[in-house]
Ligand code: URA
């Protein structure tokens with residue numbers, strides 16, 4: 001099964017609580033999504049490979065660690081996943097950014113793909129797929145299948161809030177990935193919204209509706 005990491009850091013939980021509040025405005029919401037992505041990224045990237053390099057300090061020459069070889073790719077699922085990109089780029093500015101466009105059919109709740117552009121080559125990269133809300137899991141499952149079709153192998157999925165139903169579906173569909181969850185919520189409602197959730201993440205990040 002996939003490795004699932006449920007975050008329990010007080011800073012992340014505090015910021016998620018502010019996101020949930022329906023009176024939190026677009027600017028604050030967008031900033032918080034970026035901050036949470038950065039805090040979660042710090043944990044999710046704790047296995048990045050490093051190598052020893054020689055550095056001359058003002059005092060002497062020493063061997064010291066730096067991130068090595070394998071390059072990273074961040075792949076937001078459009079559109080809400082975009083809100084998490086800058087937070088992770090702050091940590092690893094050399095990352096390439098791919099995009100996968102999926103929208104949810106409002107009646108069937110299934111994902112429909114309309115765009116896929118990934119950095120090439122993708123095979124050797126550590127790939128961080130972002131979507132703030134893991135609801136039914138349909139979009140994440142589909143996006144990760146696309147990435148695998150293009151040759152992606154080392155995949156991490158990062159979401160701010162997950163529903164148990166979506167988490168289970170994603171684990172079953174892609175048992176080889178690592179899944180990072182900011183908070184595991186109670187359930188989906190009949191419209192496939194996460195409860196208690198925070199509403200439509202894309203609308204709240206971009207101020208649409
Ligand atoms: N997408 C969202 O933005 N919110 C939900 O609750 C479910 C899916």
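Cβ coordinates are placed from backbone N, Cα and C, and glycine is handled just like the others.
Long-range Cβ contacts of residue 135 (5-phospho-alpha-D-ribose 1-diphosphate binding site) within its own chain (separation 6+, distance under 8 Å): 163, 165, 166, 188, 192, 193, 194. What TrEMBL lists as 5-phospho-alpha-D-ribose 1-diphosphate binding site is 79, 104, 131, 132, 133, 134, 135, 136, 137, 138, 139, 200.
Mapped onto three states, the DSSP output places residue 194 (uracil binding site) in strand. Look at TrEMBL and you will find 194, 199, 200, 201 tagged as uracil binding site.
Positions annotated as domain 'Phosphoribosyltransferase' by TrEMBL: 7-208.
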Next item on the list: Let me know the model's mean pLDDT on the domain 'Phosphoribosyltransferase' (7-208).
Entry: 95
Check: Which of 131, 200 has the fewest nearby Cβ atoms, counting only those within 10 Å, among these binding-site residues?
Finding: 200
Next item on the list: Write out the long-range same-chain contacts of residue 199 (uracil binding site), meaning residues 6 or more apart in sequence whose Cβ is under 8 Å from its Cβ.
Entry: 22, 193
Next item on the list: Please check each of the binding-site residues 133, 135, 139, 194, 200, 201 and report the ones with a CB atom less than 6 Å from an atom of ligand 1, ordered along the sequence.
Entry: 133, 135, 194, 200, 201
Notebook entry, point to check: Among the binding-site residues 131, 137, 139, which ones place their C-alpha within 10 angstroms of the C-alpha of residue 201 (uracil binding site)?
Noted result: 131
Note to self: With Cβ-Cβ distance below 8 Å and at least 6 positions apart along the chain, what are the contacts of residue 137 (5-phospho-alpha-D-ribose 1-diphosphate binding site)? List them in sequence order.
What the structure shows: 165, 166, 167, 168, 169, 170, 173
